[in-house]
Every structure is written in structure tokens, then in C-alpha cells.
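*Asks:* I am attaching a structure below and will ask some questions about it afterwards.
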Amino acid sequence: MSLRILDRPFARHILTKLRARETDQVNFRKNLVRLGRIIGYEIADSLECSEVTVETPLGKARGVLISELDHVVIVNILRAATPLVEGLLKAFPSARQGVVVAKRRESVFESPPEKMDVDIYYSRIPDLKPDDVVIVADPMLATGSTILRALELVYAKGEPKKVFVASVIASHQGVERVLRWGRPVNIFVVEVDPLIDERGYIVPGLGDAGDRAFG
Ligand code: URA
């Protein structure tokens with residue numbers, strides 16, 4: 001169970017552009033793709049690797065191989081995760097993929113966030129094997145309700161070796177709720193914001209990621 005905040009200047013620079021009210025749809029999507037790539041490389045760096053010797057055309061060199069790269073499954077929580085997944089696929093081009101179509105009930109936010117309900121309209125996730133590494137992508141980890149429903153759908157497909165959540169902004173409450181869930185989950189996020197408003201939006205956040213990405 002862990003939380004990794006990618007609070008380095010370049011990731012934060014892109015996040016700052018993403019947050020800005022004046023960033024238009026095309027640039028919003030582009031920046032989400034860029035962050036997906038950065039988060040993907042960061043997740044790749046955390047996977048198991050082994051030292052190897054490689055033959056070049058001119059001799060032998062020492063190298064590293066990350067065997068877990070061959071076992072990555074990315075779960076796209078539609079619709080806002082689509083540009084983030086496009087970026088993650090730069091790091092994991094051969095990943096198998098699943099989708100979850102989820103929509104939060106647009107009721108007034110009730111505290112605690114466990115009350116925020118989510119409808120799942122469709123899900124299709126590949127059967128999972130014990131050496132699989134699953135990355136569940138959702139740019140906004142707000143109340144945690146959507147991610148937890150998606151994680152339940154993941155575990156219904158088998159017991160993977162590792163599970164990651166790839167998000168751009170999380171709320172403190174959402175992070176705590178996912179980390180308390182009881183199964184091992186590694187959260188990778190660029191920033192954690194302090195508040196959730198009465199509709200379940202992260203504040204200051206970036207607004208509605210799906211609306212901003214797709215118009
Ligand atoms: N989903 C969004 O798009 N934005 C939020 O702030 C929370 C959930």
C-alpha cells in the first residue's frame with residue numbers, strides 16, 4: 001500500500017497548464033497525454049528489474065530488463081481517462097487493456113465520501129494471471145468511489161501481482177479511502193488537493209476532466 005506523489009517541476013508545470021481555466025480542449029487533452037506518459041515511466045521505474053548482459057554489434061554491455069513490462073494491463077475508466085491512457089501506452093505499448101464505464105450519481109455530496117454512489121454501465125477487463133501488473137487509470141481520484149468500484153471489478157478477474165492507480169490529482173479523502181481499502185494498491189499521482197466540494201469535485205482541482213477533455 002503506497003502513495004507516490006510525482007511532485008517534480010516538469011510534471012507540476014504540465015499540471016499547472018492543465019489546471020488553468022483558459023487551457024482549451026485540445027491543449028487539455030495534450031497535457032493529459034503528457035502526464036500519462038510521465039506517470040507511466042514512473043510506474044515502470046518502480047517495477048522489478050534484473051541485471052543482464054547484452055550483445056551489441058561490437059561487444060558485450062551490462063544492461064537491465066524489466067520483465068514485468070510484458071504483463072501490464074491498463075484499465076481505462078471512461079471517459080476522462082482516455083487521454084491519460086494514451087500517455088500510459090507510450091510507456092507500456094504492449095499492455096492488454098480493459099475498460100470501465102462509470103458515472104457518479106449527480107446527487108449532492110454527502111459526507112463521508114463513502115456515500116457518493118457510482119453507476120457502472122459496462123466493464124470489460126481481461127482475465128488476470130498471478131504475474132499481471134494492473135494499472136487503473138482515472139485522472140481524478142476524488143471521493144474514491146469510482147476507483148474502488150473499478151478495483152473490485154479488477155479483483156473479480158483474478159489476483160494480479162501488483163495493482164497501481166494512475167491519477168493526476170487526488171483528494172486527501174480519496175487517497176485515505178483507497179489506502180484503507182484492505183488490498184494492496186499503489187497510488188501514483190501528481191498532486192494531492194485538500195478539499196472535495198458538495199458535488200464531489202476536487203478543489204482547487206481542475207474542474208470536470210471529462211468535459212474539459214471532450215467538450
Ligand atoms: N471528476 C472530475 O472530473 N473532477 C473532479 O474534480 C472530480 C471528479
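Glycine is no exception: its Cβ is also placed from the backbone N, Cα and C atoms.
Just so you know, TrEMBL annotations are computer predictions that nobody has curated.
The GTP binding site annotation in TrEMBL covers K30, N31, L32, V33, R34. The 5-phospho-alpha-D-ribose 1-diphosphate binding site annotation in TrEMBL covers R79, R104, D138, P139, M140, L141, A142, T143, G144, S145, T146, D208. The uracil binding site annotation in TrEMBL covers I202, G207, D208, A209. The annotation domain 'Phosphoribosyltransferase' is assigned in TrEMBL to 6-215.
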*Asks:* In terms of Cα spacing, which of the binding-site residues V33, R34, R79, A142 are within 10 angstroms of A209 (uracil binding site)?
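*Replies:* Qualifying among V33, R34, R79, A142: R79.
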*Asks:* Give me the Cα-Cα distance between L32 (GTP binding site) and D138 (5-phospho-alpha-D-ribose 1-diphosphate binding site), rounded to a whole Å.
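*Replies:* It is 11 Å, counting Cα to Cα.
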*Asks:* I'd like to verify something. Among the binding-site residues R79, A142, G144, D208, which ones have a C-beta closer than 6 angstroms to some atom of ligand 1?
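*Replies:* The binding-site residues passing the 6 Å Cβ test are A142, D208.
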*Asks:* Mean pLDDT for the domain 'Phosphoribosyltransferase' (6-215), as a whole number?
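*Replies:* Over the domain 'Phosphoribosyltransferase' (6-215), the predicted model scores a mean pLDDT of 94.
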*Asks:* Reported as an integer number of Å, what is the Cα distance between D138 (5-phospho-alpha-D-ribose 1-diphosphate binding site) and N31 (GTP binding site)?
*Replies:* 14
*Asks:* Considering only the binding-site residues K30, N31, R34, G207, D208, which residue has the minimal Cα-Cα separation from R79 (5-phospho-alpha-D-ribose 1-diphosphate binding site)?
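*Replies:* In terms of Cα distance, R79 (5-phospho-alpha-D-ribose 1-diphosphate binding site) lies closest to D208.
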*Asks:* Among R79, R104, D138, P139, M140, L141, A142, T143, G144, S145, T146, D208, recorded 5-phospho-alpha-D-ribose 1-diphosphate binders, what is the largest CA to CA distance in Å?
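*Replies:* It comes out at 17 Å between the most distant Cα atoms.
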*Asks:* Counting only other Cβ atoms and using a 10 Å cut-off, which of the binding-site residues R34, R79 scores lowest?
*Replies:* R79
*Asks:* Spatially, which candidate from the binding-site residues M140, G144, T146 is nearest to D208 (uracil binding site), comparing Cα atoms?
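*Replies:* So, of the listed binding-site residues, the one sitting closest to D208 (uracil binding site) is M140.
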